[in-house]
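A quick write-up on the structure given underneath.
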């Protein structure tokens, strides 16, 4: 037996989750100390502002009042969009929940009799109908947690953006701390909520399932499906929203009218800032929550059909949850390094400070994983390995977690190298702007394709090591290892859009030039951290998807997946095509929505008198409406493609073709996602590099409005849908299809393959 008693684990896991929630609350209290209101009668407010000094009293109140007004507009826009989106999603949840129930209930034609277990021979398990009911409940729980993660993240970001702008007047360090703390609120809430809800669900389901762990953990896989299906719509809908506004604002504002990026005269500017919150924050939150839920579900499912499940070893069974609990504690310590122990004083310290977060959390988590592995696991046990039992030692699993963890760090650092303007790849892209937009596009695409090499090798290595050591369970644990520091990963990721918004608010509120320079520096670092966050999401999606694939193959009773079998091969080649089909849909959606936005922005500039001179206000609401309508309408076809494909493949062509389909989509999706995300990030930062003019080289290419700068803006605009819509949504495509196949596996194994049965 492992060294931990069941009672102690029942205390440790929720304690870690509650610690995470408490820490998030503390960070939120610290952020809320910065006041945003436009009233002069509040004395403390007056002192606050006078201390902050640069601009004189009266002007200052005007600036603060303006900040408060803009913040309110962004917050209202983001909230109303998400509520409208959730109305659609509630209908979808109801319909898809019914599909899960009907498909799984029909496996044994809705019988309520107990049946022999699939794996633990000689034992009786609960009926298939129970699996149908509990999988549906788990699906709803996962979906709700996912939606909540996204929504809370958005609320925090819209709360923090104006506060970051106001703090930027006092100096770069203060602004950085506020933006980072707000990111941490989101990171810890998400990690802790995900763990707490999953832990509570397992304990509630146990009341019915009792000793039938096989059935219990099979139905828990619905939790991952719920999380990811909401993330898909959040990511695609939010991505289309944010990029339609961004592309529209850039094309007319910067290129045609030659006004700055977040100029209040630009009608699309509020929609653009709302988009950062619904796409990058709410979408990213749901997405990483989905990854986390699925890797945990895959690990629990494989463990339940292994010796842990048969011998009812609670400590070993809870190993994935204990790793996540340890992760929350480690991230808490790591966060203190950025906010309290080491203060950022200069612009050049921002990016190193964020990079340090990754390194510190990885090093500490290595020690944490060792502790959990040696305390919770027996020294020797067996794991399910496609019909055989593989003998595994506890240090093997420690290595699985650690290879995933360090692969995540390698992916993060590689992404940073290819997307940060401190290194030669992005500087080369910026340099190519001298000869126009075409060379910029060529260089950017080449950079994206090249940036795939190192991440793929590191994913390949961690797959090989973890599979050799602990079969499919090892891969699930490598995925969880990569995601164990999710709270820190999300904090540095959410920091990006918050800084981006802060820059926009500073520009719109008419703050001084030096404040805008500070927020720009925060934003440029934020672009890189957002790219790192996407790299993590894609890398973990590859591992999660493979772990789910293994669980699906086990559950569907396939002995081997043979590529030479034509049933498998056709699945493989069609699966590899799906990421392209999906990207085509999302890119075209952004393009057509951006077209409408460009027309509307032009119309306002041409028809509203005094707009260009700044005497009248543009009609922001109309642009927000265009983005909202477009994204809600356009998110349905890509979502349907991802959700319906596995159902069709499994039902009509059978489990072998579906296995091929999953493998194909995984292999091609990862490449397309990494290259799209990095190409877009590099173009964006090449533009920022020219705008900042920090080096002689950059000055020679600039200033804003020069030919090279215009070419860079075109590259950035092309890259927008790549890095914020297609790229990040693809990782959900590969995970979601795999988890859906796993949830529906009992049905496909019993009734699937209608066409191939008769041929």
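From the backbone N, Cα and C atoms, a Cβ is placed for every residue, glycine too.
The transmembrane segment annotation in TrEMBL covers 7-30 (among others). Below 8 angstroms of C-beta separation, residues 156, 181-182, 184-189, 191-193, 195-196, 199, 314-315, 318, 321-322, 324-326, 328-329, 332, 335, 339, 376, 487 of the same chain, each at least six residues beyond the ends of the transmembrane segment (7-30), sit close to that stretch.
For 88-107 (among others), the entry in TrEMBL reads transmembrane segment.
Taken from TrEMBL, the feature transmembrane segment applies to 292-311 (among others).
Feature annotation from TrEMBL assigns transmembrane segment to 317-338 (among others). Outside the transmembrane segment (317-338), and at least 6 residues removed from its termini, the chain residues within Cβ reach (under 8 Å) are 9, 12-13, 15-17, 19-20, 23, 27, 177, 180, 184, 187-188, 191-192, 194-195, 198-199, 213, 292, 295-296, 299-300, 303-304, 308-309, 353-354, 356-357, 360-361, 364-365, 368-369, 371-373, 376-377, 397, 401, 476-477, 480-481, 483-488, 491.
For 358-376 (among others), the entry in TrEMBL reads transmembrane segment. Only residues 6 or more beyond the boundaries of the transmembrane segment (358-376), in the same chain, are considered here, and those with a CB under 8 A from a CB of the stretch are 2-4, 9, 315-316, 318-319, 322-323, 326-327, 329-331, 333-334, 337, 394-395, 397-398, 401-402, 405-406, 408-409, 412-413, 481, 484-485, 488-489, 492, 532.
Annotation comment: TrEMBL describes 396-414 (among others) as transmembrane segment.
If you look up TrEMBL, you'll see 441-465 (among others) marked as transmembrane segment.
Marked as transmembrane segment by TrEMBL: 471-492 (among others). Beyond the transmembrane segment (471-492), the same-chain residues lying 6 or more positions past its ends with a Cβ under 8 Å from any Cβ of the stretch are 20, 180, 183-184, 186-188, 190-192, 284-285, 288, 291-292, 295-296, 298-299, 302-303, 306, 319-320, 323-324, 326-328, 330-332, 334-335, 354, 357-358, 361-362, 365, 368-369, 383-386, 390, 392, 396-397, 400-405, 407-408, 462-463, 465, 529, 532-533, 536, 539-540, 543-544, 546-547, 550-551, 554.
Annotation comment: TrEMBL describes 536-556 (among others) as transmembrane segment.
Annotation source TrEMBL lists transmembrane segment at 568-587 (among others). Residues 236, 239-240, 561-562, 634, 637-638, 641-642, 645, 649, 653, 656-669, 672-673, 676, 721-722, 725-726, 729-730, 733-734, 737 of the same chain lie 6 or more positions beyond the ends of the transmembrane segment (568-587) yet place their CB under 8 Å from a CB of it.
Positions annotated as transmembrane segment by TrEMBL: 640-663 (among others).
According to TrEMBL, the feature transmembrane segment maps to 732-756 (among others). Within its own chain, the transmembrane segment (732-756) has Cβ neighbours under 8 Å at 100, 103-104, 106-108, 128, 131, 135, 139, 218, 221-222, 224-225, 228-229, 231-232, 235, 287, 290-291, 294, 297-298, 301, 541-542, 544-545, 548-549, 551-552, 555-557, 567, 578-579, 582, 642-643, 645-647, 650-658, 661-662, 665-666, 669-670, counting only residues six or more beyond its boundaries.
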Cβ pairs under 8 Å between the transmembrane segment (396-414) and the transmembrane segment (536-556), at least three | yes
Mind checking which residues of the chain, 6+ beyond the ends of the transmembrane segment (292-311), have their Cβ under 8 Å from one of its Cβ atoms?
-> 118-120, 142, 145-146, 191, 194, 198, 202, 213-214, 216-218, 220-221, 223-224, 226-228, 317, 319-321, 324, 381-384, 389, 471-473, 476-477, 479-480, 483, 486, 540, 543-544, 547-548, 550-551, 554-555, 735, 738-739, 742
